[in-house]
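K.L.:
The substrate binding site annotation in Swiss-Prot covers 8-15, 21-22, Arg58, 109-112, Lys120, 136-137, 180-181. Look at Swiss-Prot and you will find His9 tagged as active site, tele-phosphohistidine intermediate. If you look up Swiss-Prot, you'll see Glu109 marked as active site, proton donor/acceptor, on the strength of sequence analysis. Marked as site 'Transition state stabilizer' by Swiss-Prot: His179.
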Amino acid sequence: MTLLILLRHGQSVWNQKNLFTGWVDIPLSQQGIQEAIAAGESIKHLPIDCIFTSTLVRSLMTALLAMTNHSSQKVPYIVHEERPDMSRIHSQKEMEQMIPLFQSSALNERMYGELQGKNKQEVAAQFGEEQVKLWRRSYRIAPPQGESLFDTGQRTLPYFQERIFPLLQQGKNIFISAHGNSLRSLIMDLEKLSEEQVLSLELPTGQPIVYEWTGQKFTKHAPSLG
């Protein structure tokens, strides 16, 4: 059984304040920290061989906190791929107690452009709720100077296919800690959702989604798998 575990980061400080966040690098709130720890509890008995996060701190914090009580007792270590010598471990004994963690901006949240840092209710009052709904929930319409969900998938999916999927094919169990829209674009592909179907896909913060790669397809497991 080869597993793919997806987790939207815990609540961030700007989620709490109802602000558009996007690529602004905001940490988890106190609630988000607790959500990440609770998510870790629900997956602590699932095998994990590699971890992938975005380059944003809320994604990294979530992954690290979720792994603090993993039954393997293995420690995540960040692989600096631009300088592999920085994270090279010269002890085989220690290597066996570690899980590599890779970061990529391809997994970053959708970039919200000129909306970043603005209050969602205030933006709705300024531009109208229908316009904001189009920016937030349509598939191809982007906010000013930002990305649509389609645009997000244009970077997320190639990275998954080139970097992550080959590891699944090798039988590696993968844990991805990322963001609402980068994960929505990925789930759209995994579950073969239409452009209309993905619009109703909601991913709560801090709640893992588990798939099994059968060698032929991805099968979604019930939340109780962990």
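Positions of Cβ are set from backbone N, Cα and C atoms, glycine also.
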K.L.:
Using Cβ-Cβ distances, find the residues under 8 Å from His9 (active site, tele-phosphohistidine intermediate) that belong to the same chain and are at least 6 apart in sequence, listing them in sequence order.
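P.N.:
In sequence order, the residues whose Cβ lies under 8 Å from that of His9 (active site, tele-phosphohistidine intermediate) (at least 6 apart) are Leu28, Gly32, Ala36, Arg58, Ser59, Met61, Thr62, Ser177, Ala178, His179, Thr205, Gly206.
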K.L.:
Go through Gly22, Gly180, the listed binding-site residues, and name the one with the sparsest Cβ surroundings, counting other Cβ atoms within 10 Å.
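P.N.:
Checked Gly22, Gly180; of these binding-site residues, fewest Cβ neighbours within 10 Å: Gly180.
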K.L.:
Counting Cβ atoms within 10 Å across all protein chains shown, which of the binding-site residues Gln11, Arg110, Lys120 comes out on top?
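P.N.:
Buried the deepest by this measure is Arg110.
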K.L.:
Residues with Cβ closer than 8 Å to the Cβ of Arg8 (substrate binding site), same chain and 6+ apart in sequence?
P.N.:
Ala178, His179, Gly180, Leu183, Leu203, Pro204, Thr205, Gly206, Gln207
K.L.:
Distance check, please: Cα of Gly22 (substrate binding site) against Cα of Glu109 (active site, proton donor/acceptor), rounded to an integer number of angstrom.
P.N.:
5
